[in-house]
């Protein structure tokens, strides 16, 4: 066989046909294309610092669904998805030797050290076997080569500066079309079975009807979600007002799980937003979706600039903080047993569904780092384990901000758990949804059960320290809000104007975490 007839496309977090440069390049340069996905055993061991499980059941289920969908799409295009269990560098070497016709191996470049190490080893294998390597960049809204900074070292350490620069000086590239046909696999190549959770020593997760993300993985589902959120419901037109919600599927776009695995391209979302603005409405909400995509870009480029500092205890600027390790406190946090209902509700939602709202993530991270004083990396690694939408740069970037050791830590921001609970779950509906043992406590009193009389607790069927924990910590600033609990009805976690309404005074709170100098959050 000619040594230029086959291209292996090594897929990782780019599980889509649309806007995928790999397939376009391979189609032009080979008679046979091998779309390859490897179940790398290094993804199913412990995390780096605290040996927590690395890939949890919800993200694995979403990944398996995404791979099954991609295989179906490839089959429709005349190809197939080749699946192997093993380290990519070893699988690629075996395939090169087996086929004898591989001229190139192509893959999308990633950012973090573990992914870069895979790329390095694949390149070494290809060099030894005299096979070319072709790489692409396709995970961000703005292409890395189109940034208005000549060197990544000049990336601003302030998001606003980055945003203004790219918006004024760069452009978003057009979406590459979805190929209708792809050149086939080499003859005789076994595609391999997509494993089950059990094959990977995982248990299949139980679906919870309360989940805010009851969606399946894959490009097909991602397109359906965008169609629903943009064109069928016009929910995108009120995104800025609803994005701080806690209950329901439509308070936010929910694109993040598909973006994390590359099932949907950020450029595709951007150009659909622009189309929506031309044909329906152009407002702050439609822009805010792009604003959030830019945050995702920014964290990736920060990851390139700072490398492994993103994972180090002192953070990006080498700031020493006396974090403590207390496994009893950490277990209470991760299991939703802190005795602080708003924290516990969010942590239980994460454990039972693999998802948590942006509002919840900011609060539980602040609680871990500022109220408990625990090592931020414990929280980051727990999120890495459980989140369906885990994206290494966004996850660690957000935890660095929460810990006050990211870039631009202007102040030691700390969220007030009681104020936040009263702002965003005013009648306690969200807490009672996930902490059912407090279901007998009416209204906003559910956020501070330790303040209730013994008679009131008894009437609600609650015994602190028995049916529900006493708080592991109480912050003095919480008391400022004990007397501010509403007596009447008000906007709830679902909201008085439907399941995703956010009170007017809180509509801009999504960026308070990054921009506000106020300590009264």
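Heads up, the Cβ atoms here are built off N, Cα and C, so glycines get one too.
Note: TrEMBL annotation is automatic and uncurated.
These numbers come from a predicted model, not from an experiment.
Residue 298 (FAD binding site): 24 other CB atoms within 10 A of its CB, across all protein chains. Residues annotated as FAD binding site in TrEMBL: 239, 252-256, 292-299, 389-391.
For the domain 'Photolyase/cryptochrome alpha/beta' (5-141), the DSSP counts in helix, strand and coil order read 61 helix, 32 strand, 44 coil. Taken from TrEMBL, the feature domain 'Photolyase/cryptochrome alpha/beta' covers 5-141.
Listed as Cβ neighbours of the region 'Disordered' (170-193) (distance under 8 Å, sequence separation of 6 or more from its ends, same chain) are residues 5-6, 17-21, 23-24, 26-27, 30-35, 71, 74, 77-84, 98-99, 101, 141-143, 146-148, 265, 267-268, 270-271. According to TrEMBL, the feature region 'Disordered' maps to 170-193 (among others).
Residues or ranges marked as region 'Disordered' in TrEMBL: 480-521 (among others).
As annotated by TrEMBL, site 'Electron transfer via tryptophanyl radical' applies to 323 (among others). All chains included, 17 other C-beta atoms sit within 10 angstroms of the C-beta of residue 323 (site 'Electron transfer via tryptophanyl radical').
Annotated site 'Electron transfer via tryptophanyl radical' per TrEMBL: 376 (among others), in sequence order.
When Cβ atoms from all protein chains are considered, those within 10 Å of residue 399 (site 'Electron transfer via tryptophanyl radical') total 26, not counting its own. The site 'Electron transfer via tryptophanyl radical' annotation in TrEMBL covers 399 (among others).
Geometry remark: residue 239 (FAD binding site) versus residue 399 (site 'Electron transfer via tryptophanyl radical'), CA distance 24 Å. Checking the recorded positions (292, 295, 298, 376) against residue 323 (site 'Electron transfer via tryptophanyl radical') with a 10 Å Cα-Cα cut-off leaves 376. For residue 376 (site 'Electron transfer via tryptophanyl radical'), the spatially nearest entry among the recorded positions 254, 292, 298, 390, 399 is 399, judged by CA separation. Residue 390 (FAD binding site) sits 12 Å from residue 399 (site 'Electron transfer via tryptophanyl radical'), taking the Cα positions as reference. When averaged over the domain 'Photolyase/cryptochrome alpha/beta' (5-141), pLDDT in the model lands at 97.
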